[in-house]
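**Q** Okay, here's the structure, questions in a sec.
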């Protein structure tokens, strides 16, 4: 048998640089569905094809669900109630930054055939890899808790209090397993179901927008004029909270895996380039729709409730006979709202229909986010640990961890404490952000991994600055939250935790800088990024 030299080298590289994990592993783990969506073979010289865009449509919309979860909705309504239309430009900027980061995630999956967790498994030593996995799992569990809270509150509102919060929390276990049966009906049907949930959110919050009829000139001014006149610390914290709520760490891992669902010949440079183009277009459309839905929520609360006092709301709720008027004390303090109070005040001012439609939108947001969170958890576990769990086992684990503390609060405390957990969960996810953004910049900048699709100088510098700004904003949010705790014991604990946290972040930054080309930082030559063979490039043997 005569073996072509180049093919033999490919075979040797695959053998030499297989991941350091137990057992032989020549192929990547399949972390999505068994089927792959075929791409129509149109003329490659055409600049654009709607048929191909439709074939690539799906992963971006599943990714965009994370921009519409209950935590984001609560951040939106608080932004409108506290700052009016003045922070819409922050929401726009955060969404654009999110799009650029999702572009990196999609490119990694398309070019390498591996998602971010798999790449981390192959390039980081064992201890950092395990720490990374734990940090991302924390982010997923935190997000899952927010979704449980959102669904429980929505069910409570829809049932006019007949379904208590603790029962709503338990119901979320059942409905998640029911929705997972959609796997059996094929990938495209599942993606269509997510599109249906996004449509429900758009119609629900769009109805509220039309019903309240905000000033369109103020909406546009707030969106495109980056200024916040008369803003103080409250508005600044809210602006930081918007960025933290929009850009979520596990979503980077999710998107890099979702793009593997299309049938792309990764050995063909033109096909890879085309896939990157259509995925970026699809992600742009998906995030534009999610941005509009977020704008609906901000504008509704900015128009109707900005500057309102508890006394005004309490009087209105009493006049309409609302059963929830006790939520608003009879004082002249500025109204504070969350996703529960938000539905109540909409019902008091704009009728019961506004309350029920709001609850339907929150329920759709919670359900869709629950399912994408489940897939994120599965991809992360399989990629970092090479564990192949069924989706049912996976969702049982994460949902059980998420439900236990949520259920305790729902049983022994009231709805204010339940919704108040969102602040802590936003802080938790903000802390995990570097553990997604630093690795994605690291690996998309490696020529040995990305070949001709590695980040250029502009993306390396711009991406590095972008990630630095996002992480700094989120760290400010964490510091503000911790300093408000007013506990010496918690201060000491936070200080000790910060030392370990920053040490690990510095380690990831060090490896990232070496990948960006600052080789002088590799003092002992211990950091090596071996070339990665594209998984579609199988060696062929001539007899």
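Note that the numbers count up from 1, one per residue, in the order the chain is shown.
Placed from the backbone N, Cα and C atoms, the Cβ positions cover glycine too.
What TrEMBL lists as transmembrane segment is 88-110, 163-181, 193-210, 239-258, 279-302, 344-365, 396-413, 433-453, 465-484, 490-510.
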**Q** Is the transmembrane segment (88-110) in contact with the transmembrane segment (344-365), using three or more Cβ pairs under 8 angstroms as the rule and ignoring pairs under 6 apart in sequence?
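**A** These two stretches do not touch.
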**Q** So which of 193-210, 279-302, 433-453, 465-484 has the most C-beta pairs under 8 Å when paired with the transmembrane segment (490-510)?
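**A** Checked against 193-210, 279-302, 433-453, 465-484; highest Cβ contact count belongs to 433-453.
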**Q** Is the transmembrane segment (88-110) packed against any residues at least 6 beyond its ends, judged by a Cβ distance under 8 Å, and which are they?
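**A** Result: 59-60, 63, 67, 76, 79, 116, 119, 219, 222-227, 239, 242-243, 246-247, 251-253, 255-260, 264, 266, 272, 275-276, 279-280, 283-284, 287, 290-291, 294-295, 298-299, 437, 440-441, 443-444, 450, 453, 455, 463, 466-467, 470.
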**Q** By a Cβ-Cβ criterion of under 8 Å, what residues six or more beyond either terminus of the transmembrane segment (193-210) are in contact with it?
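**A** Here the qualifying positions are 61-62, 64-65, 68, 179, 182, 289-290, 292-293, 296-297, 299-300, 346, 350, 354, 357-358, 360-361, 364-365, 367-368, 371-372.
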**Q** Counting Cβ pairs closer than 8 Å, which of 239-258, 279-302, 465-484 has the most of them with the transmembrane segment (433-453)?
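**A** Answer is 239-258, with the largest number of Cβ pairs below 8 Å.
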**Q** In the same chain, who gets a Cβ under 8 Å from the transmembrane segment (279-302) while lying at least 6 residues past its ends?
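**A** Same-chain contacts beyond the flanks: 53, 56-61, 63-64, 67-68, 72-73, 76-81, 83-85, 87-88, 91-92, 95, 98-99, 102-103, 106, 110, 198, 201-202, 205-206, 208-209, 212, 214, 218-219, 222-223, 255, 259, 337, 342, 346.
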